[in-house]
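Pulled from TrEMBL:
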type: TRANSMEM; residues: A:6-23; note: transmembrane segment
type: TRANSMEM; residues: A:63-83; note: transmembrane segment
type: TRANSMEM; residues: A:90-110; note: transmembrane segment
type: DOMAIN; residues: A:108-152; note: domain 'NADH-Ubiquinone oxidoreductase (complex I) chain 5 N-terminal'
type: TRANSMEM; residues: A:122-142; note: transmembrane segment
type: DOMAIN; residues: A:180-456; note: domain 'NADH:quinone oxidoreductase/Mrp antiporter transmembrane'
type: TRANSMEM; residues: A:216-236; note: transmembrane segment
type: TRANSMEM; residues: A:248-267; note: transmembrane segment
type: TRANSMEM; residues: A:279-297; note: transmembrane segment
type: TRANSMEM; residues: A:317-339; note: transmembrane segment
type: TRANSMEM; residues: A:346-364; note: transmembrane segment
type: TRANSMEM; residues: A:415-437; note: transmembrane segment
type: TRANSMEM; residues: A:449-471; note: transmembrane segment
type: TRANSMEM; residues: A:615-635; note: transmembrane segment
Amino acid sequence: MASIYLLLIFLPMIAAFFILLINNSSFRKAIVFLMSAILIGVALYSISQGDKVIVLSHSLNSALEYLITFADYFLLAIIFLIGTKLKNKLISLLAILQFVLMFVFEFKVGKLDVENVFFVDHLSFIMLLLINIIGPLIAIFALSYMEEHEKHLHLEKSRQNIFFTVIMLFLGAMNGLVISNNILWVYFFWEITTLCSFLLISHDQNEESIKNATRALLLNSIGGLSFVIGIIFMYYKSGTVALNEIISSQDSSILMIPIAFLTLAAFTKSAQMPFQSWLLGAMVAPTPVSALLHSSTMVKAGVYLVLRLSPVFIDTWLSKIVAVAGAFTFVSAALLAIFQSNAKRVLAYSTISNLGLIIALSSIAHRYAIYAAALLIVLHGVSKALLFLCIGSIEQGIGSRNIEDMDGIKYKMPIVAFLTLLGSVSMLLPPFGVLITKWIAIEVSTQNIAAMLEIILGSAFTVVFWTKFIGKILSDGKDRNKIEKFEFIKHIPLMAISILVVLVSIFLIQFTNMFVVPFFKSSFARYSGVSSTNIKELYVKDFFGFNPVVFFGVLVAAVVLGALIYRWFKPKRYVPVYMSCENSDNFGFRGEKDKVVSFEFKNYYFETLANEKTVTLVVNVLSIALIAIMFGVILK
Amino acid sequence: MKQALIVLASVVLSPLIGGLLTGIDRKITARMQNRFGPPILQPFYDIFKLFSKETIVVSNTQILYAFLFLVFNIVAVVMFLLKMDLLLILFILAFATTALILGAMATNSPYSRIGAHRELISVLAYEPVLIAMIVAIYFVTGSFNIQDILKHNSFLILDLPFIFIAFSYVLTIKLRKSPFDLSTSHHGHQELVKGITTEFAGPVLGLIELGHWYELVLLLLFVWLFFAKNIFVAIAAILICYFLEIVIDNISARLTWKIMLQLTWSVAFGFALVNLIWVYIKYRLL
């Protein structure tokens, strides 16, 4: 029984080893497809087993214990060496500090026995679904993307084996992170994801990518150090390092200090302000990497940790500050997204913004806030995976990731343009679920007026940058030549993810009943403020009267009706745009001496009001202040 | 059965009321400008004419967006009269505007695209004020549901005077009246031609016009919410409010989008915020 959980962690890692060893394209393809099928199968099987606390045989447990302890030090040594190689003393220093603290801690307290190796509940299931369905689909997409990518780079020797090795390692580590019960193990997998993201961001090995990867490593090392301090405090405050014991702990007040440090670690991993710069820098990596980092791995580890620890600290002053800090990231990242014309940066800021919302929701003491937080992890994951892969395809198609160059993309690359549209609409409009979580966020945040004001403003900003983005994808362009060819290995993963985007939103309530409510019941049972009303299954009327099926029904009806009306109004005549009757065509007018003057219109980026740099500076200062307040609150 | 009747009544009656009010608006405006003005039923003649015209478009997708604009507005009005969640109604209303913006951006016309972006800036200006208004109503009544809000036993305006001022302020933007008729105006001679609706014509423009009437009714229903205790007071308040909008429209010139943004965010949002905080203290903390 325990073996399926071990499989989830170690199978991708073994596959990674073989991919590294055998640098052969068809072998790699076979392994990626095989692993995808196995991972999805195993994940679904483990979910069918229900909530579990896994005890391994004594010998296996201690073997694993030694293995992971050793590997952990090894990992820190590698990060130290990378630091010295990059001539970045800070990274090396942070690695040494983690090493020493960890070593002294483990030496002093001796062997930390955690009998229950794996603690698998419905929150783990949600994460497993995300990691093992979206992750492999991105990997399959990357097969075709990376070939094209390397063609552009004119490499003599393919480095794809390293790329896919890291991706497989990443998926294994993420699985480990979400099912481990021993927080030291969580830390180990946490550090692997840091290393993996460093390797993936620096994949192209040019100056810019190495620089950005270094920044990612540095900021995540700060998080790593914070994590270690959190663990040590946790042990001395509660006498345990087992997650399931911590979250059922009766006295939350003594745990405030460790929770604050772990939350800070989560902030770095989820790229919350002021740590957002590493995720933006990560844009230089090949697009499947961005898709992976933003949807099913890396940044989701941070919000997972906050949501996991939420039962311990919810409705304390600490949680109120965390909610304000998360909501602050929500509003400021949305504001920064308005200034962006680079599609990937828009998406990156939108991710940061949504992660902020998830963190805010995770720390608001309200049943629906927790529901919405868990739902948003999934909804955001699927939509963002789709959007990044689409933007990657567009970039390879038209050679630019600037939104201003996407005029007429609906003619040039109809399939991808349509899927991009679906992805961005799912982040903004009803009846898709992301809107519902925003709606819940405003209604529940009335408990915390500062967070609420931030969410109100952020909500308006979100509408602005998404509308600009969608408007551009739908706009007319001069060049209407279709350049898109259907490629099985590239388009099938895209379509699969877009089907998931729609399905998750249609079955939002069923999904909540199946996964989120049980998680809430088991984790928040002891917390009376949240669960005072007896928790039953979620019926339609409980969800603020929102029924996705009805809304999708109205949508379908409207489309059918629209088609009929279209037949009725069928345009009889197409005309050029109005240019005071001086058109040459849709893209120019006759000027002096009938000379054709072409015009173009660009989106507003509000450069005259403010720019990204100043706003970033202000936002960073404010968010550092918030973090200082967060730590100030817990000091007695 | 009763609900079905409400749906039917709101779908049928709203455009009649909206059209009539628009006609009155035009008449009053004309008198203020020393003109005789069109008959009050003129908007209806206009819309019948629009629907009898040939369908001329620049791009096919425009029809879809015009249609969505109408549909979202109708859905919002129906949801209001079915006394559903206020915040969701506001979101639906925002998506009507989004549909219109996307429709204007679907063509390559610089006039309509600038109009679209100005409309987007308007959204940025009024959306926070509207949400703050709804949250303030929640603090006073303890509910987001119109059903429960109406059970409140006094006039909402007594608790929310500043919020009402802020709302009247953004109402000018929402109705696209001077000084905030940036994205489109009711006169065709401005620098943007007709701005956001430049590229719409014939029946497609008719759909948008119809959508506007629903929108107008919905916005005035928000006014009604503040005075819902007494129906006569409410009707009087709506009429006075609408008349004031017409007066402001006629005595002011257009401001630039920057000034609009600064004014709305400082003055209107400031007013809303002050009121929001005091009702928060009064109803939550005390």
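Quick reminder: no glycine exception, Cβ is built from N, Cα and C everywhere.
Residues 350, 354, 357, 361, 372-373, 375-376, 379-380, 383-384, 386-387, 390-391, 393-394, 397, 409, 462-463, 466-467, 469-470, 473-474, 484, 486, 491, 494-495, 498, 501-502, 504-505, 508, 543, 546, 548, 551-552, 554-555 of the same chain sit 6 or more residues outside the transmembrane segment (A:415-437) yet have a Cβ under 8 Å from a Cβ within it.
Using a Cβ-Cβ cut-off under 8 Å and counting only residues 6 or more beyond its ends in the same chain, the transmembrane segment (A:90-110) has close neighbours at 69, 72-73, 76-77, 79-80, 82-84, 214, 217-218, 221-222, 224-225, 228-229, 231-232, 235. Same-chain neighbours of the transmembrane segment (A:63-83): 56, 89-96, 98-99, 102-103, 106, 111, 117, 184-185, 187-188, 191-192, 194-195, 198, 217, 221, counting only residues six or more beyond its ends whose CB sits under 8 Å from a CB of the stretch.
Taking DSSP states H, G and I as helix and E and B as strand, the domain 'NADH-Ubiquinone oxidoreductase (complex I) chain 5 N-terminal' (A:108-152) has 33 helix, 5 strand, 7 coil.
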